[in-house]
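One structure is given here, and the rest of the page talks about it.
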């Protein structure tokens, strides 16, 4: 059984939803980034969603843009990021690790080669922010070859045809968009998303985890009450890094506290 | 649903955008296909082009510019179009599509400000609310165009992210659109970006080539040997080329900005020096690091300062139907001054690139050669910038 399936099975028996924090790898530098991810796991993260910094992140708001710039200014490369994941995987054999990035970084080494390297590093899933389902075929083929789950996005405006495709093609989990727009806590997720969640259930999609605009435990609770299998918080997590760049010990403490607070809201 | 357009040119193009934007792009494609079949839409578009923007634009035979007697050089005078550049053509088309889709707002990006000015004027005319993203660096170096846009009621939003130029303005426009697509149309300004933009922009500019064909046949009784246009994203070039793609005897030449030289990192020649990748929704030639990070482009001309090229140009290059050359800042500045002095026409720095290459061709020609240059815009916007350059102050480049 794959790591996401194991996680969902465990959470079901514990009557909980998943809490999944997102951070950009290499932010603010490679060594601190490793400690950041350890702090997220220590705080109780059920899975990890990790970004590779890209120069032109069109789906991201200011907070995650800045995190990418911090990492890029330190010269962090996709290979550095996969090396960080490799080290995390050595310590944490069971936690599902998802990669979130943009298509040009996958194309640069070649699609198949990128997926091979990701699998080797211990990645479970890949979500490419600028690859919609209709362009996904070569990426999904590489994912299949290398045993990686391609994560699909279900936006609030999805057509029935798109939902059907998600039903047929999704694996791992379905990234449920809480609202339109880009990442960021400036605009909160629309609640409840129960309508879209039940449609996804009807088409047989992989379990939905709600993201975009999630920053508070109440939102995690509401997402799970609406039928989501969990919630992802990206910008809210990254903001903690940004606010404590001068005090790394405090950064790590606050990150663990934040994750613990969000996790505590996942009880059904 | 009526028939769909092809989303790619060979391997190039496509729709590499967040899933969230797919419904908006599909809606746009449908609106475009319906409009192309609708005589009322075509009539309105044509009447705006003729009676408001000033089409057809003249085809001017140069009198003094070329010294080689074997060469005849014509200029397609898009510089005389309302707004000061070819940009107005397709903006009017997309603004009409905006209304057709029932949307009330327009988002646009702009580099030199020409697309922003065209968007502002079309929105003023058609009662649409425009917000225009412009790199902070460009806001500074293109102050007159910023004032023009604001004068016509558009909101100009400086973008500080990244390099503060066109690429970052496109990023910001796409981000805005992903939250506002229900009421807003993203009026993309060049023949790049995700499908259906490269096709729509070409179709709404292709009268440039159709007019060239009719005008040159009337004046010379034959088609040109070569058609030359500058290429940043590639909208004026694709508009000039479109009607000639199936006429192989006409050589199609796109001219990219070589900036300070192709041997330096300061240029914007995506076809000459770039590699294949995805930027702003399309697979094409782009300027990037080996890891896939997008590099910053450079050109003396803000309108060519873009690290990618429209996907159809990438395709025309690969199949050998068009050739792509490049011209340095210095050559373009020389052509800029030469046209002013010899013909009394001040061209845009962008168009000066096409002209510079045509002049190189003219010097080398040993046989009778008939060349048409698409003079895509006028140089008013560039006066202060060029003045600084000529004084030897190139720090503002």
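Counting starts with 1 at the first residue shown.
From the backbone N, Cα and C atoms, a Cβ is placed for every residue, glycine too.
Sequence annotations record features per position, and here TrEMBL assigns active site, proton acceptor to A:49, A:60.
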Secondary structure at residue A:49 (active site, proton acceptor), reduced by DSSP to three states: strand
Cα-Cα distance linking residue A:49 (active site, proton acceptor) and residue A:60 (active site, proton acceptor), given in Å to the nearest integer: 14
Set of same-chain residues at least 6 away whose C-beta sits under 8 angstroms from residue A:49 (active site, proton acceptor): A:20, A:21, A:22, A:98, A:100, A:127, A:232, A:234
Other CB atoms within 10 A, centred on residue A:60 (active site, proton acceptor): 26
Three-class DSSP secondary structure - residue A:60 (active site, proton acceptor): coil
